[in-house]
Amino acid sequence: MAIFRQLSLGAKATLAAVTVFVSMIASRSYLAESLELRAWRWLLRLQLALFVNSLLLIGSLYIWRSTVSNLCHSPAAESTCFQLWKVVVLAFLALAHSSFFTMFFLVAEEPYLFSLAAYSCLGAYIIMLFFLFILSGMEQAYQLLAWRSGRVVGSLEKTRKLVLRPALAVGVTAVLSVAGILNAAQPPAVKTVEVPIHQLPASMNNLKIVLLSDIHLGPTVGRTKMEMFVRMVNVLEPDITVIVGDLSDSEASVLRTAVAPLGQLHSHLGAYFVTGNHEYYTSDVSNWFALLESLHVQPLHNENVKISATRAQRGGGGSGSGSEDEDWICLAGVDDIEADILHYSGHGMDLDKALEGCSPDHTIILLAHQPLAAKRALQARPDINLILSGHTHAGQIFPLNVAAYLLNPFFAGLYQVAQATFVYVSPGTAYYGIPMRLGSRAEITELILQRSP
């Protein structure tokens, strides 16, 4: 205990983050199947909120030191403006820290203003932290060069730099945050992509699939946006509409009215859904499946449908039989790989089950939320013609774009993996939490499948 008291606040925050992370791993391994579902849901969310806030506290201490503490010895430290500045910074950090807790209490048909403000501050927090690090690194490099050249940096110059660094970081953060909010507020771009498909039946040439992903209904995305997405999809007149995961961030009962516009989708050959990692974070997948089915959106729970030019028929994965029509494609969907990590009962990526009855002599299209799942699927079944994924958001905001690019085998857009194999990763139709898009653009993808010899 004495050693803990001697630790700095930053070290204590780091220790807290490690402790919460270990508890998350332990609870996933030992409590996932023994706890009642509602209790498990609350435990998982509470652990996530505490873990994120422990990490945020480390950054908050750095932001406070850079923008407030380092300026306390400046001539303006006793001014009313500086006292007001301290209140503004404190409120900004408090809002950023409260963002993840809005998942508990502030989810409804439409976003609450507080949730939008809190998540906007979280986005600005990430941008500011990045630029403070960059400017600090530049300052350290300058001081090193000055020392090596024998130049002495005066106290007045040091004071100016202490003021200049946070001023620049705040200015850049403000500009980029406003740009990101305005970008995210725009309707998603409609991107048309033509994909050559080997063995595509002649009767299904120019088949149109509209791809949605990562809508994230929850604290900052509600019914109004969902209605807009549905209208945009219907204008495209798709043959098939697919939603490749992360539709929601809360329970089905809470978001029932927000997701209701999906029932107005018009797709000649049906609308289909596969889970993303966030569906499992809600711990309410069964209720989401039932709700989507009532809206005429068919979940593909490690199963497939055989689709011809005129009809769709449930295929393998435990139900139904094959289509009698020879001119068909196999549209399969797998559970998100996060279900295995969370030990979510009855769920987990099962490619063999999903592709049961899908002949290599026919076109195979797979829905798999994460690009990592797409990579694993292609390693096991290289005969898959097209995989549709999401998850990355194309990074959503700078500088997270860099991390998303490095952590995923496929980042965004169309990839030709082999002569007859393609992967398309959607950058997302909305956004997760933070109502910003910086260095990325939300998208509704119109995929035109073209017959290839």
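Cβ atoms are placed via backbone N, Cα and C, with glycine included.
Taken verbatim from Swiss-Prot:
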type: BINDING; residues: Asp214, His216, Asp246, His393; note: divalent metal cation 1 binding site
type: BINDING; residues: Asp246, Asn277, His391; note: divalent metal cation 2 binding site
type: TRANSMEM; residues: 7-27; note: transmembrane segment
type: TRANSMEM; residues: 43-63; note: transmembrane segment
type: TRANSMEM; residues: 87-107; note: transmembrane segment
type: TRANSMEM; residues: 114-134; note: transmembrane segment
type: TRANSMEM; residues: 162-182; note: transmembrane segment
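Swiss-Prot feature annotations superimposed on the structure.
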residue: Asp214; record: divalent metal cation 1 binding site; Cβ within 10 Å: 28
residue: His216; record: divalent metal cation 1 binding site; Cβ within 10 Å: 23
residue: Asp246; record: divalent metal cation 1 binding site; Cβ within 10 Å: 28
residue: Asn277; record: divalent metal cation 2 binding site; Cβ within 10 Å: 17
residue: His391; record: divalent metal cation 2 binding site; Cβ within 10 Å: 29
residue: His393; record: divalent metal cation 1 binding site; Cβ within 10 Å: 27
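Among the binding-site residues His216, Asp246, His393, the ones whose Cα is located within 10 Å of the Cα of Asn277 (divalent metal cation 2 binding site) are Asp246. DSSP assigns Asn277 (divalent metal cation 2 binding site) to a helical segment in the three-state reduction.
Of the recorded residues, Asp214 (divalent metal cation 1 binding site) and His391 (divalent metal cation 2 binding site) place their C-alpha atoms 7 Å from one another. Annotated pair Asp246 (divalent metal cation 1 binding site) and His391 (divalent metal cation 2 binding site), C-alpha to C-alpha distance, rounded: 8 Å. For the pair formed by His391 (divalent metal cation 2 binding site) and His216 (divalent metal cation 1 binding site), distance between Cα atoms is given as 11 Å, rounded to the nearest Å. Other residues of the chain with a Cβ within 8 Å of the Cβ centroid of Asp214, His216, Asp246, His393, the divalent metal cation 1 site, are Ser213, Ile215, Gly245, Gly276, His278, Gly390, His391, Gly428, Thr429, Ala430, Tyr431, Tyr432. In the three-state DSSP assignment, the secondary structure recorded for His393 (divalent metal cation 1 binding site) is helix.
Compute the center of the Cβ atoms of Asp246, Asn277, His391, which mark the site for divalent metal cation 2; besides them, the chain residues with Cβ within 8 Å of that center are Asp214, Gly245, Gly276, His278, Asp336, Glu338, His369, Gln370, Gly390. In the three-state DSSP classification, Asp214 (divalent metal cation 1 binding site) falls within coil.
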